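> Heads up, here are the entries from TrEMBL:
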- B:21-44: transmembrane segment (TRANSMEM)
- B:69-93: transmembrane segment (TRANSMEM)
- B:D142: active site, 4-aspartylphosphate intermediate (ACT_SITE)
- B:D142, B:K143, B:T144, B:E251, B:F299, B:K322, B:R356, B:T436, B:G437, B:D438, B:R547, B:K553, B:N576, B:D577: ATP binding site (BINDING)
- B:599-803: domain 'P-type ATPase C-terminal' (DOMAIN)
- B:630-648: transmembrane segment (TRANSMEM)
- B:668-687: transmembrane segment (TRANSMEM)
- B:708-731: transmembrane segment (TRANSMEM)
- B:746-765: transmembrane segment (TRANSMEM)
- B:777-799: transmembrane segment (TRANSMEM)
Amino acid sequence: MDLDSGTSSTVGARVQAIPGRPAQHGALYQFKQQNLPACKPVLTPATVIASFLLMGFIFIPLGLITLRASNSVVEIVDRYDIECIPEELRSNKLLYITDDSISKNCSRFLKVPKSMRAPIYIYYQLDNYYQNHRRYVKSRNDKQLLHGLGDNSTSSCKPLESSGDLPIVPCGLIAWSVFNDTFKFSSGSSELKVNRKNIAWKSDRNHKFGKDVYPFNFQNGPLIGGGKLDPNTPLSDQEDLIVWMRTAALPSFRKLYGRIEEDLDADDVIVVQLMNNYNAYSFGGKKKLVLSTSSWLGGKNDFFGVASLFIGTFCMLISIVFLLLHVKNPRPYGDAMYTSWNKKSSSS
Amino acid sequence: MMNAMNVPSKRSTLERKLDKLILTLFATLFVMCFIGAVGSAVFVNKKYFYLHLESSEEGGAQFDPRNRFLVFLLTMFTLITLYSTIIPISLYVSIEMIKFIQSTQFINKDLHMYHLETNTPALARTSNLNEELGQVEYIFSDKTGTLTRNLMEFFKCSIGGEVYGTGVTEIERGIAERSGKKIEENISSNAVREKGFNFDDPRLMRGAWRNEPNPDNCKEFFRCLAICHTVLPEGDESPEKIKYQAASPDEAALVIAAKNFGFFFYRRTPTMIYVRESHVEKMGKIQDVPYEILNVLEFNSTRKRQSVVCRYPDGRLVLYCKGADTVIYERLADGNNDIKKVTREHLEQFGSSGLRTLCLAYKELHPDVYESWNEKFIQAKSSLRDRERKLDEVAELIEHDLILIGSTAIEDKLQEGVPACIETLKRAGIKIWVLTGDKIETAINIGYACNLINNEMKQFIISSETDAIREVEERGDQIEIARFMKEEVKKELKSCLEEAQSYFSSLSGPKLALVIDGKCLMYALDPSLRVMLLNLSLNCHAVVCCRVSPLQKAQVTSLVKKGAQKITLSIGDGANDVSMIQAAHVGVGISGLEGMQAVMASDFAIAQFRYLADLLLVHGRWSYLRICKVVTYFFYKNLTFTLTQFWFTFQAGFSGQRFYDDWFQSLYNVIFTALPVIIVGLFDKDVSASLSKKYPELYMEGIRNVFFKWRVVAIWAFFSLYQSLIFYYFVSSSSLSGKNSAGKTFGLWDVSTMAFTCVVVTVNLRLLMICNSITRWHYISVGGSILAWFIFIFLYSGISTPYDRQVSFSLHSEAGNLIIPR
């Protein structure tokens, strides 16, 4: 539709100087006369084809690079929530998890598909677990976590606010439901050392959880949701709790458990001794153990690479189609004959 | 005051359509909330033990699975506050801001619409209607002072059957040009030119009239001009310095003409008029003659004439009368048929040249006749009831058996550039209706002169000046006249409509023009005939209504406005155009000679008709384009943002958890996406001003409203849907395995910040894609907005690290508490 010939043009002064008035050339004058210098992006076949081509050239390599990065990550995912129940109890999972007398010990054998370089991150993954439910997300008290007991109101922690007269420290659903499965790893005969320090975000440890706050009355109530905390360790050192309390965005999430700081070779078999304490059975959740190395792009995720490749290829195809159309059907530009009103009159 | 109407408050059509869009958004909001609330009621289950759903603490009812209906209701309210961002509240503020700047800075300051001679810039008196200017389909224009300059100049005259005056009118020139002839003009150097007088004929000037075949007639002609008027002289009593104060410019022009012919009216007392007459008794002799004014029978619109009874110094009693040709001819004495016939021909000739004509006549009065009439006159004048009517009746008694002197022709020149402007507007698909108080011939000629009508057009003329109607009128029965007229008009309309439709179906038929006069219009506007009139006139490319009253002007305007649902614009300059200006969607006043009433009633005021092209084709079109872009873009950006939130609801157990931090959500419209769209609303233009005027057809897009159709909105909605899905699923799918360099995973607020970054960056860059021209302010505002987000998040994370962002959520529980009394 654009009838300007060039792909970009600077509009010159529209108005001659009016006699009797001083000629004005400032930006304000240009603004008022709507004459600001502007570039006009005109969609000519050349620019369109070129830009699609360019997008193809950007996205295909980008996709390849990210796919490569994703492929370089070795990831072992093991779902253990069902396997860890003794056969005879699988029909009644709730009984299994709520009965304290049944042993929760469980062993898993993981085969390393490719050699894994240290550090190897250990995550636990929960599926169908709504840490992002509104009731859950708000059920905490940040002031209490940082400053401990005080005159702070803990009403936000409802429904797990206080035990007896004192507020629970830390109060709220999130803390109450802290994850408490534990994992021990060994390879062959030697135990693999798991570093469980420094698994929480530094800002959380330093600025959100107090050094003088001790969970002295935690998990004393009649209902027990998750793990217990050592009453003699300040919250800022309870890294499992800190990790747990950074609530996840989606109902499937991973949280860091620790790091194995040794390389693992291909075809090694890792034995995992785990305590299957946490109740994910009542709501049909899944529990998984994830061992993963890391690349410069993070964990294993093919999605972005595949998506980029798809976009890049698509742009390439479009540019080729446009090119063919243009070669087959060229027409001059800036011809008023092609404007809508002229077309209409010629067709009628 | 009879024509006064209530002053309407005007809103633009686009804004009214915007309301519908907002309503649709509300409906969408409701549907989204409903889906979410149903989901929430289904989701709540005590199996999610970690949520403690069945506890009985206060405020716990929001998610209590034992009462799912209550869950549904409460979640509904939560979600309404959560999704309220879908309603672009800031849109109205932004639009107001944009329009304000458009009108005060662009329209008011445009040098193309600045009239140097009168030092008048264009004036937008409201900022509501800028984009309405881009969609006008019908223009209703006044004639005098709007199409013409309202500068009356004595141009020609016909005295005793002889035409004087050598000038050529613009209309004649136009006609000649159309027929291919060329007119050579010989402007003699000694022609007298002054304001109000553009006449040159050596046969009359400087006393030469004495040698004409009819010097007595000439003398009476000049005396009539000098005596029969209500003009007041002002200033020095010398021909050069005197100023005349007249009720209408025509009257002043006539007195000025008399002065130039040597009959200089220089003083008025309550009973006397003093005229300095030259060359009367013999060449070169100048004498001051006092005439005693006995009676003034004033002009009004029903009489259409004006008379003065005066006594000469020698005691002679003479009545001078001037008025419209129709009324004068009715009152002429018998005999002298030659002159009558010739003069009538001259009148038609003047009329077709677009001149305004008046007939002059006089009558000697016998003192006895006069005395007896004067008694009646005084009686009528002192009567308390119906004085106007009685005076008219008394005047009727004496204004008969007149002797025709001749006629005057006054030119009201077309304004500069009017024909070109009308041509341009016509090409833009705008239909122009001229509504004038002039007679049918003058109106048609003006139509020709300004390119509105041409010979290729098929003209339908519906006039009350037919023999059949005249005959009935002469019988004088008002009811009969009305009935007959209505039948006639109906018949005419029907036949015209049928003919028009036959042209219409044949496709290649000629363009149509309709000419209708005020009397017929009165009947045609009757509810039973209204539809027919509308159908006929909408098929015409040009419509001329002549001899219409101010109220009829307004009626015709609202007929099209309401009947055809098209956007109308009225333009006029006088007090008689006020009701029409108020009735139309957009009223434009010409800040000209006839006072300020039209301007005070108008929405836009311009100095010259030709600026209408700039106002509509440039400012109107751009405003329309820009506002459409702003509105649809606002719709898009808020929908996109809200939809990401909506998708999150599905994965948060329908609990109404916020995806975005409170601050992000509230600053989204205020800081991160506010400025660029305003810049587009101010600076975007598809083609330059000169191309807009060179290709007026571009304007048709506005008439068809192609930029704000539901289809356009649907396309934007599709983009929102698609982009929000991409934002949400790209971010959420990467969040599972996403980790930082130390292997730590991301929480809810990390992921939402990521998603918000995607939204802000994409929405801002998407704006650049809809721009037709990109100035440096576009880059600055878009870049600045994105940068502002990054700076904000940098600072905000630092400040709010000590506490997680939970404060806002108390608001929802408060809302919950309002619903359930504790």
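Even glycines carry a Cβ here, placed using N, Cα and C.
In TrEMBL, annotation is done automatically, which means it is predicted and not curated.
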> Based on the record's binding annotation for ATP (B:D142, B:K143, B:T144, B:E251, B:F299, B:K322, B:R356, B:T436, B:G437, B:D438, B:R547, B:K553, B:N576, B:D577), what whole-number value in Å is the widest Cα to Cα distance?
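Among the residues the record ties to ATP, max Cα distance equals 28 Å.
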> To the nearest whole angstrom, what is the C-alpha distance linking B:F299 (ATP binding site) and B:D142 (active site, 4-aspartylphosphate intermediate)?
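Between the alpha carbons of B:F299 (ATP binding site) and B:D142 (active site, 4-aspartylphosphate intermediate) there are 22 Å.
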> For B:R356 (ATP binding site), what residues in its own chain, 6 or more apart in sequence, show a Cβ-Cβ distance under 8 Å?
B:M152, B:D250, B:A409, B:I410, B:E411, B:D412, B:D438, B:T442
> Could you check if the transmembrane segment (B:668-687) is in contact with the transmembrane segment (B:746-765), meaning 3+ Cβ pairs under 8 Å among residue pairs at least 6 apart in sequence?
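Yes, the transmembrane segment (B:668-687) contacts the transmembrane segment (B:746-765).
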> Cβ pairs under 8 Å with the transmembrane segment (B:69-93): which stretch of B:21-44, B:630-648, B:708-731, B:746-765 has the most?
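Top-ranked stretch among B:21-44, B:630-648, B:708-731, B:746-765: B:21-44.
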> In whole Å, note down how far the CA of B:D142 (active site, 4-aspartylphosphate intermediate) lies from the CA of B:G437 (ATP binding site).
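If we compare the Cα positions of B:G437 (ATP binding site) and B:D142 (active site, 4-aspartylphosphate intermediate), the gap is 9 Å.
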> Under 8 Å between C-beta atoms and at least six residues away from its ends: which parts of the chain pack against the transmembrane segment (B:21-44)?
53, 63-65, 68-69, 71-73, 75-76, 79-80, 83-84, 86-88, 631, 635, 639, 642, 646, 649-650, 653-656, 713
> Within a 10 Å radius around the Cβ, which one of these binding-site residues has the most neighbouring Cβ atoms: B:T144, B:N576?
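Counting Cβ neighbours within 10 Å, the top one is B:T144.
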> From the Cα of B:D142 (active site, 4-aspartylphosphate intermediate) across to the Cα of B:N576 (ATP binding site), what is the distance in angstrom?
9
> On the 0 to 100 pLDDT scale, where does the domain 'P-type ATPase C-terminal' (B:599-803) sit on average?
90
> So which residues does the transmembrane segment (B:746-765) touch in its own chain, when a touch means Cβ under 8 Å and the partner is 6 or more beyond its ends?
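Contacts with the transmembrane segment (B:746-765): 636-637, 640-641, 644, 648, 659-661, 664, 668, 672-673, 676, 723, 727-728, 730-732, 735, 738-740, 782, 785-786, 789-790, 793, 804-805.
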> Just to verify a number: CA distance, the residue listed as 'active site, 4-aspartylphosphate intermediate' to B:R547 (ATP binding site), in angstrom, no decimals.
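Checking the Cα atoms of the residue listed as 'active site, 4-aspartylphosphate intermediate' and B:R547 (ATP binding site) gives a distance of 11 Å.
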> Where does B:N576 (ATP binding site) sit by DSSP, helix, strand or coil?
helix
> Would you mind checking how many other C-beta atoms are within 10 angstroms of the C-beta on B:R547 (ATP binding site)?
22
> Of B:D142, B:F299, B:G437, which of the recorded positions has the most Cβ neighbours inside 10 Å?
B:D142
